[in-house]
């Protein structure tokens, strides 16, 4: 580390020296009058004669506490350099003289903080000296505080020990200040009832100083939440200052109860209602310290039923019942409290309840279609008095316990719900429902059909017929034609059942119609689907005629071929007749031996056939 500038802040000291033969000569010596350095650093002390005589000797002396001088070094210039001799005083590391003739003190300790005298001897020019003071600074260790860990009473009429603060191994002696909630405490050192401090300073073997400060205060109840700490202030070179703060701490105080609070800790209404079956907490709290005992009781007329005693101020009523409604009390057992302080607090606990709802009808209520009036009553018992309403499909039907059903239709069927609740007590509610079943003959709803195009149907058109029915008991759907699908609920619901039938439109079907019928034990109802006029399929009829003609022609050809094959072996069959009249012959018999006159007439030429002349002759016969 660089030594501080020994020339900084020079004080020129002028000495008047005597010369020979009564003549006087002046010699001035320049040294830094005060050198400040941190402990452990290095310092170099400069000593320079102002007149620069040709030859001189420079000597350094250490002045001890008694004022005695001890020679440290002798320095003599040789050209541009200085030759020095160091006289050891047992210092480690020893004193040194550098090439500029300065006295070097390495690793400065507190003991090096002395006065150093530089003496310059210049022969005929005279002798002069000057003193340089070295001041050593040391930063103390971290500030430590030891608070009083006992219980301090605010009822004491004198100052009590609060804490002890220590700042160790500093130089010069540090200073200690005290703070409450960040504000400095102006506490004197004189003993008094309100507060004071005591200070003890110790010089350690190292030469450093340790300071201990103890704070005494008369405490008040407001100090229960106060944060205290101390700080050590110390000096640094060049007029600088440092500060080391301790950690903050709080005190444990003993003070009597002045106020008591008693309330319901679990969820409750502003009126004090709690739900039956809940776990209810009763909380009691006094502002005394340490926490006193809390005694819980229930008021039974003029008597008190003792419930619990604890230090937590907490009483839990598990699964509270309606018969536990009443007046509850809390007593703070603080014998240091003032007689005027109210140590007993009471509250009234209201247990809200709601019994299961009762309906005047069974879970399934059967009524007949178009019945005049049916009244259903919902009985709700509870505290506070519940409000009741009737709903169906989340729609409110009536406010109050009475539900009147008039002119009942199938649309009236469904689930009716009685809802009871207590607006002042959240989440305390009940519901009860019944199913209304309407009995009666079926209602039928056909699905109207329209022609595919135009205003008429065409022969062969396919159409899906649908019938929907409802009633109780559930109606049965039947068709006048076969092929219907099983009944199934339609999209609209509400008890409707549907059945579908796929048919092809024909003229006969148009005349007769297609009917569907719904029936149950209470009656039946039907509907006939008509198709109106049905146009023939012209293009398709022509194709059918052509197909029949082709079939007939093919049949004739097959018959002719078969006949020819049968007659192939007979004489004169299938050959050309000779010219002239054929000879007379017997008629042929069939294979069965019977005559075939029809064949004879068909195969032989008639009277006009034999008279043909020229090249005509008989045509082929067969």
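Every residue gets a Cβ built from N, Cα and C, even glycine.
Since we're looking at a predicted model, the values are computed, not measured.
Look at Swiss-Prot and you will find 603-622 tagged as compositional bias 'Gly residues'.
Sequence-distant neighbours of residue 118 (disulfide bond) (same chain, six or more apart, CB under 8 Å from its CB) are 29, 31, 45, 47, 58, 59, 60, 61, 103, 129, 130, 131, 132, listed in sequence order. Per Swiss-Prot, disulfide bond is recorded for 47-118 (among others).
Under the heading disulfide bond, Swiss-Prot lists 165-230 (among others). Within the same chain, residues at least six positions away from residue 165 (disulfide bond) with a Cβ under 8 Å of its Cβ are 143, 144, 145, 146, 176, 178, 212, 213, 214, 215, 230, 232, 246.
Cβ contacts within 10 Å of residue 284 (disulfide bond), excluding its own Cβ and spanning all protein chains shown: 24. Feature annotation from Swiss-Prot assigns disulfide bond to 284-330 (among others).
Listed in sequence order, the residues of the same chain lying 6 or more apart from residue 378 (disulfide bond) and placing their CB within less than 8 Å of its CB are 357, 358, 359, 360, 388, 390, 401, 402, 403, 418, 420, 432. The annotation disulfide bond is assigned in Swiss-Prot to 378-418 (among others).
As annotated by Swiss-Prot, disulfide bond applies to 467-516 (among others). Of all Cβ atoms in the shown protein chains, 26 besides its own fall within 10 Å of the Cβ of residue 516 (disulfide bond).
What Swiss-Prot lists as domain 'Ig-like V-type 1' is 26-135. The DSSP breakdown of the domain 'Ig-like V-type 1' (26-135) into helical (H, G, I), extended (E, B) and coil residues amounts to 6 helix, 60 strand, 44 coil.
Taken from Swiss-Prot, the feature domain 'Ig-like V-type 2' applies to 140-250. DSSP assignment over the domain 'Ig-like V-type 2' (140-250) gives 8 helix, 59 strand, 44 coil.
Positions annotated as domain 'Ig-like C2-type 1' by Swiss-Prot: 267-342. Helix, strand and coil counts under DSSP for the domain 'Ig-like C2-type 1' (267-342) come to 3 helix, 39 strand, 34 coil.
Sequence annotations record features per position, and here Swiss-Prot assigns domain 'Ig-like C2-type 2' to 356-435. When averaged over the domain 'Ig-like C2-type 2' (356-435), pLDDT in the model lands at 93.
The feature domain 'Ig-like C2-type 3' is assigned by Swiss-Prot to 442-532.
Among the features that Swiss-Prot reports, N-linked glycosylation site is placed at 314 (among others), with the record citing sequence analysis.
What Swiss-Prot records for 323 (among others) is N-linked glycosylation site, and it gives sequence analysis as the kind of evidence. Taking all protein chains in view, 9 other C-beta atoms sit within 10 angstroms of the C-beta of residue 323 (N-linked glycosylation site).
Residues within less than 8 Å, Cβ to Cβ, of residue 370 (N-linked glycosylation site) and separated from it by at least 6 positions along the same chain comprise 407, 408, 409, 440. If you look up Swiss-Prot, you'll see 370 (among others) marked as N-linked glycosylation site.
Residue 377 (N-linked glycosylation site) counts 13 other C-beta atoms within 10 Å of its own C-beta, drawing on all protein chains shown. Under the three-state DSSP scheme, residue 377 (N-linked glycosylation site) falls in the strand class. Swiss-Prot lists 377 (among others) with the feature N-linked glycosylation site, giving sequence analysis as the kind of evidence.
Per Swiss-Prot, phosphoserine is recorded for 590 (among others), and the stated evidence type is similarity to another entry.
Of all the recorded positions listed here (284, 314, 323, 330, 377), 377 has the Cα closest to the Cα of residue 516 (disulfide bond). In terms of C-alpha distance, the listed recorded positions 284, 323, 330, 377, 467 place 284 closest to residue 314 (N-linked glycosylation site). Closest in space to residue 377 (N-linked glycosylation site), of the recorded positions given as 284, 323, 330, 467, is 323, taking the CA atom of each residue. For residue 323 (N-linked glycosylation site), the nearest of the disulfide-bonded residues by C-alpha distance turns out to be 330; the candidates were 284, 330, 467. Residues of the domain 'Ig-like C2-type 2' (356-435) grouped by DSSP class, helix first, strand second and coil last, total 3 helix, 47 strand, 30 coil. A simple way to gauge crowding: the CB of residue 418 (disulfide bond) has 24 other CB atoms within 10 angstroms, across all the protein chains here. With a cut-off of 8 Å between CB atoms and residues at least 6 apart in sequence, the same chain places 444, 445, 446, 447, 477, 479, 498, 499, 516, 518, 527 near residue 467 (disulfide bond), listed in sequence order.
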